Each structure stands twice: as C-alpha cells, then as structure tokens.
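> One structure, pasted below without further comment.
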Amino acid sequence: MKDFFKYYLPYYKDYKLKIFFALIGIVGVAAGSAGLAYIVKPLLDQVFIEKDQQMLYIVPVLLIAVQTAQGVGKYIQIYYTSYIGQDIIRIVRDKLLAHILTLDIDFFQKKHGGELISRVTNDINKIQSAVSSQIAGMIREILTIIALIGVVIYQSAELAFYGLVVMPLAIYPLTVLAKKMKKLSFKSQEKASDITSHLSEIFNNVEIIKANSTEKTELEKFEKHNKKFFDINIKSVKTSELTSPLMEFLGAIAAAIVIVYGGSLVIKGEMTTGTFMSFIAALFMLYAPIKRLSTIYNKLQSAIAAHERILTVYEIKPTILTGEQNIPQKVESIEFKDVELKYEDFVALKNINLTAKLGEKVALVGDSGGGKSSLINLIIRFYDTSKGQILFNNTCLRDICIKDLRKNISVVTQRVYIFNDTVAANVAYGEELNEEKVIEALKQAHAYDFVKDMENGIYTTLDEFGTNLSGGQRQRIAIARALYKNPQILILDEATSALDNESESIISEVIDEVCQNRITFVIAHRLSTIKNADKIAVFKKGEIVCVGSEEELLNNCKEYQRLYNLANI
Ligand SMILES: Nc1ncnc2c1ncn2[C@@H]1O[C@H](COP(=O)(O)OP(=O)(O)OP(=O)(O)O)[C@@H](O)[C@H]1O
C-alpha cells in the first residue's frame, strides 16, 4: 500500500488549492460528527434534567449548525476529491496509452486487443476511486475517529478504556480479509480482461461467426468466462462483507462492557446520565467510521491489484529503438546483406542478399510462409534483423530515425483500413490536409472518377469498415493514401489479391504507373500482377532461392517454374 501511495503522490502536487478545499470539507465532516455526539450531553443534562429553557433553544440551533457543517463539508469534499481523482486518472490513462503505443508490434501481436482495452479502462477505473474518494474517505474517517475518541476520552477516560480496548482485537482478522481481497481482486480483473478480449474477438470476427453459424459456440464460450467472473465477484463480496459483521460484533461487545460498567457508575451517582449518553453516542458513532475505514481498506486492495497489473505493462520496454539520422534525401538503393530474422527462436529469414534500386519494382514471390512479409517487416522496422545489415544507400537502417523512415514509406496491404472520416481525411491520414494534393493522389490511384460522383465528393464521409465502397474502390483509396505521402519507398503487400480480375487489372496498371521515381516492393500471389517487375525474388522456407527478371527465372529457376505452372493450371 505504501508503494501505491508513493507512486501516485507526485500527481497531487498540481492540486494544492483543491486539496486545501477538500481538507476543509473533510474537517467539516469530522467536526460535525464529533459535535453531534457532544450535543447529547447538554440535551440530556441541561434540557431534560435541569430543565434549562434557554438551552432548549440553543441545542436545536447547534444541531442544525453541526448537521449543516457536516453536509456542506461532505459536498465540498466529494466535489474536490472527485475532481482531483478524475483528473489524475485522465493523466494516468493518457500516459499508459502513450507507453503502450511506443511498444513493438510484436507486443500487440502477442497480446489480445481486448486485454489491453481492459487495462486502459477497467484497471484504471479501479484506481480512480482509490486516488480520489478512498484516500479522502480514509482521511475523513481517521479525523472523525480522532475527534470522536476526543469526545469519548473527554467525557470519561476510564470508560473510554473499556470501550476502546476491543479495537486492537480487530486488526488481525481485518488484515487477513484484506489480503484475501487483494488476491480475489487480481483474479477478478483478470477475468474482466478475458471478457473484454472475448467480446472484442466476437465483434471483430462477427462475419465469420455468422457465416459459420457458430453464434451458439461463441456464446457458450462467453458464458463460461462470464460465469467465472461472477463466481469470483461473489467470493469477493463474501470476503469483503465479512468486515461489517465482524466490526459490529466487536462493537457490541465494547458497548456491552461500557453499559455494565458505565451504568453502574450512573446508578451510584458517580456519573450524570448526560455524560453517559454522550459517551455511548460517541462510542456508537465511532464504530461506524472504523467500519467504513476497514471497507475502504478492502477496496484499496482492488486498486492496488489493478495498479500492479498496470505496472507489468510499464515494465515492458520497446526493443526496436530509433536511430538519429534522417533517411537519405534520395534513397538510391536498399541493400540486404546476409540478413537473418528470428521471431524468438524461429528463423523466418536467412542468408538474404538482395538489392533494390531507385525506380525499380521488385517483386517478392513464393509459397505461403516463405518469408515475403517478414522481409517487409524488416524494411519498416516492425522487427530488427538478428544477423546481417540493411543499408539505405550507405546508411544502416538501424541508424535512421524511425519516424522519418516511416514518413518516407507507404504500405498498402490486402486489408484496407478506412477511418470513419471523409475521403479527403482518409487519403491525407497522418499528414496535413491539402485539397489539391488529395485530388492529385486520387487521380493517380484512378479513384477520383468515382469519388467526385459521391454525394459530397472528397468530403463524403466513409464508414469505419468502408462498406459504402466496393473492394476495388477501397483498395484505390488505400493506394491514394499511400501516394499522398509521396513516399520514397512503396510497398504493396498482396494489394490486389482480394480483388476480382477487372479490379485487379486496373490496380495493376495503377501500380505500374506509380512505381516511377521510387523503390517499390510488390508481394503478389498472382504472378500476372508482377509481369512488369524489374526483379523477382523467389522465396522458399525463409531463403531467396533465385533473383532475376521473369524471363531469366522462367529459364533458370526451378522454383519459379513450379510456381508459374501452378498459376497457369
Ligand atoms: N510475428 C511472428 N511471430 C512468429 N512467427 C511469425 C511471425 N510472423 C511470421 N511468422 C512465421 O514466419 C514465417 C514466414 O512468414 P511470412 O508471413 O513472412 O510469410 P509469407 O511468405 O509472407 O507468407 P504469406 O504468403 O502466407 O503471407 C512463417 O512460418 C510464419 O509462421
């Protein structure tokens, strides 16, 4: 718990004035509670026993005053503590996402998107109440306890001893319960994250689920996760709610002792009824904040568990580190020298030697799993080589600033990402929007003809999945986006494989046109797309087995001949 508070303490320094107001509120609540207990004495002794007329009016006024102090105090405290808590959590959430976004692509491929969403939402929400209302609650309850103990001791130090002696007895069982709560919270958050993961998987794959009629199977899987989540939460309720009866039991024992001992003092005339009643009121009122304090302590365990889960994300550091140099003004060549790539222990590429020159279109072909996409992963530095070097002119790729590198590379994949925004914003994604440049890029991609006929031209809003476009149109928007950047390196990864023959031939023409003045890599399953390639590299089991023009390969490369024959069956 100490570590938890130490971690969040620096965040509070920007809220000094707000903390001050919150504290005033907290003091108001604590003083109000103590005042209420104290009023019992003049009410009984002076109003009821001594029949003091003046006090008859003073006591109710005092009562209204202390209740108002308590109410206003509570309002002020809740407003300011919530403000501080929400704002800290906003910053923590931004910071966590900023960190996650610096991590390697490998991290995202291994982690479920849903799990990450759960960290950024569920886990952080758990911390929110801890850094705001629970901390304030703790301070408030502690102050209230101190104030009430003050009243109790002031009324009778001797009785106070009997009333409070049972308190230390509560410490051990409460600590055991808190430990159990922390474990359960950890498990509960894990389950919550399983649920978000599963939900995001279902919604992302809904087309496959419906097409295969597996709604029931998916629902059953979900129900299992949901039931486990329920079981753990019920266990948590069982544990945390034990605190209350435990405290009530101990409170009753204390009250019983006080009644027997204090009652005998009143009977003997050694204590006034008012003092006794004020004492017993303070004692009863005292057990409520103690009970609340232990509940807060339990809830804090769940925040601590969430915090520990978040810390594990912070412990992961990016391994793909940026270089300092800018990408060459003109990339004349990209050279792979004895390159090897490992995914953990699996060697996906080995002995790769390949050169691509300015103006060239280099095609990568080969069986599925041959290593074509892995080569692209290296160029855009999603992964780093485990051996060998990649040179841009004479500059080592690792020495180039990643941001600058990616600014100069455009990738078009088979899966087109459309954002829920206008055509123009989709084309200019990540860059400043320039209308003329958007139109130019759309024209180059042979997309302007259909875009200008849309309802609002380039300002027509596309939906997230691009469902108001055909597959070929989506692909052309993606090519326009790639060209808008005017990249030095253009990568087309299976960009035409999802298209029908007509769309494919249009896109292939577009690709031929846009290859000039840059280096282009094309991965294609259909060999027809790469007929005009300057160079074809044939991949087999992670190695390049032949490189050459189509004609050369048809004459000399058995693997290419095999692929060619397969394609022409
Ligand atoms: N992120 C990864 N982690 C571990 N292994 C991977 C990863 N990406 C690819 N692989 C493995 O590396 C090998 C090469 O994969 P790669 O995607 O480069 O092949 P490819 O030639 O592009 O295949 P396809 O034509 O099917 O896209 C495969 O065996 C694949 O399972």
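Each Cβ is built from the backbone N, Cα and C atoms, and glycine gets one as well.
Below are the features listed in TrEMBL for this protein:
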type	residues	note
TRANSMEM	20-40	transmembrane segment
DOMAIN	20-302	domain 'ABC transmembrane type-1'
TRANSMEM	55-76	transmembrane segment
TRANSMEM	135-154	transmembrane segment
TRANSMEM	160-178	transmembrane segment
TRANSMEM	246-267	transmembrane segment
TRANSMEM	273-290	transmembrane segment
DOMAIN	334-566	domain 'ABC transporter'
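Looking at the shown structure, what environment does each listed feature sit in?
For the transmembrane segment (55-76), the residues of the chain that approach it from at least six positions outside its boundaries are 21-22, 24-29, 31-33, 35-36, 39, 42-43, 46-47, judged by C-beta separation under 8 angstroms.
Using a Cβ-Cβ cut-off under 8 Å and counting only residues 6 or more beyond its ends in the same chain, the transmembrane segment (135-154) has close neighbours at 5, 22-23, 26-27, 29-31, 33-34, 37-38, 77-78, 81, 160, 163-164, 278-279, 282-283, 285-286, 289-290, 292-293, 296.
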> Given the transmembrane segment (246-267), which of the listed stretches 20-40, 160-178, 273-290 has the most Cβ pairs that are under 8 Å apart from it?
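Counting Cβ pairs under 8 Å, the winner is 160-178.
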> Grab the pLDDT values for the domain 'ABC transporter' (334-566) and give me their mean, rounded.
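When the pLDDT values over the domain 'ABC transporter' (334-566) are averaged, the result is 86.
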> Report, as numbers and ranges, which residues of the same chain sit near the transmembrane segment (20-40): CB under 8 Å and 6 or more residues beyond its ends.
59, 62-63, 65-67, 69-81, 84, 136, 139-140, 143-144, 146-148, 150-151, 274, 277-278, 281-282, 285, 289
> Within the same chain, where does the transmembrane segment (273-290) have neighbours whose Cβ lies under 8 angstroms from its own Cβ atoms, ignoring anything closer than 6 residues to its ends? I mean 6 or more beyond.
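Non-local partners: 33-34, 36-46, 49, 140-141, 144-145, 148-149, 151-152, 155-156, 159-160, 163, 167, 170, 247-248, 251, 254-255, 258-259, 262-263, 265-266.
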